[in-house]
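Heads up: the structure comes next, in structure tokens.
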Ligand code: ACO
């Protein structure tokens, strides 16, 4: 139980639902236009879950692929963490539903709620548990079906979100590889800037909460934008410092895909050229906890990282929260 060993990513997978909503489709739903959406956000289209698909179904597809690339079977899994703010149900957890679907009978399973930062929070949690020897492997998934909590009459939010899932299998890696550092943080005082008010123990769902649309995401976009630009910078600097690395050491930058302007401001601060940054917000929009793993897995599938590369992941989200990590691929 007391050994500290290097832990890294040994398998990865992703999934997005088939149905695509383009900006032209959004123009038919609310008063907006392609030019506004692209210039303010960088988003061109988003994938939307089918009516019969819940978050665990998206997570399952990504998980199966991640296990395959890890060369593992579900029965070998010891821990499952699902980061999500759109669980299938309050309980059982989405991780338990997924454990059953996968047949991962040996695995402990729980959900983690840190909105768009959830995947990095999940990897940090699993890394700690694996480093100490408590478990030997973990499946960490970021999965969200934000379309289920989006008000498609509110142009301020509905153009921004999409559905998807990304998964990694973590396990022991050779010395010098794997996670070098994490920086997690929260600013609960800003919680009301980005929230889903009704349906919890504070304000249980009722006819009135439905009428008032309190079962949908509320966001103060301008304030969240300012927070995002600030913490993307500070978290990046802090996680590099903890890893003993400088910005010149970054081979690939994998930011949360919420808004191209937020990503560009982080790149400027880091002095990073575009080819070192993964950007897919144009195709998937903001998929919350799935955003960073979707970007990471897509980059891996495209062969954008090689063994020994230094990767920096950073995201922010509801809570408010942020999470960053430096790892050697
Ligand atoms: N189409 C056309 N016009 C629009 C739209 C739209 N879809 N949405 C808003 N507008 C209008 C507004 O009504 C406003 O009009 P007004 O000036 O007459 O009031 C105008 O455009 C400008 O609005 P701003 O809010 O100033 O636009 P801004 O440039 O800030 O962009 C945006 C808004 C894209 C929401 C931006 O603030 C943003 O990206 N914020 C961060 C959001 C984010 O990253 N969230 C991540 C967390 S999500 C999670 O954790 C689940």
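Using the three backbone atoms N, Cα and C, a Cβ is placed for every residue, glycine included.
Remember, TrEMBL labels are computer predictions, not curated facts.
Remember, predicted model here, so these are calculated numbers, not experimental data.
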Of the residue ranges 247-251, 252-256, 257-261, 262-266, the one that TrEMBL records as region 'ACP-binding': 257-261
Residue distribution over DSSP helix, strand and coil in the region 'ACP-binding' (257-261): 2 helix, 0 strand, 3 coil
For residue 286 (active site): intrachain residues, at least 6 apart, with Cβ closer than 8 Å: 43, 116, 146, 160, 161, 162, 256, 257, 258, 259
Close approaches to the region 'ACP-binding' (257-261) from elsewhere in its chain (Cβ under 8 angstroms; 6 or more beyond its ends): 40-43, 116, 160, 225, 228, 279-282, 284-287, 291-292, 294-295, 316
Overall pLDDT for the domain 'Beta-ketoacyl-[acyl-carrier-protein] synthase III C-terminal' (240-329), taken as the rounded mean: 96
Per DSSP, three-state class assigned to residue 256 (active site): coil
Tally of DSSP helical, extended and coil residues in the domain 'Beta-ketoacyl-[acyl-carrier-protein] synthase III C-terminal' (240-329): 39 helix, 22 strand, 29 coil
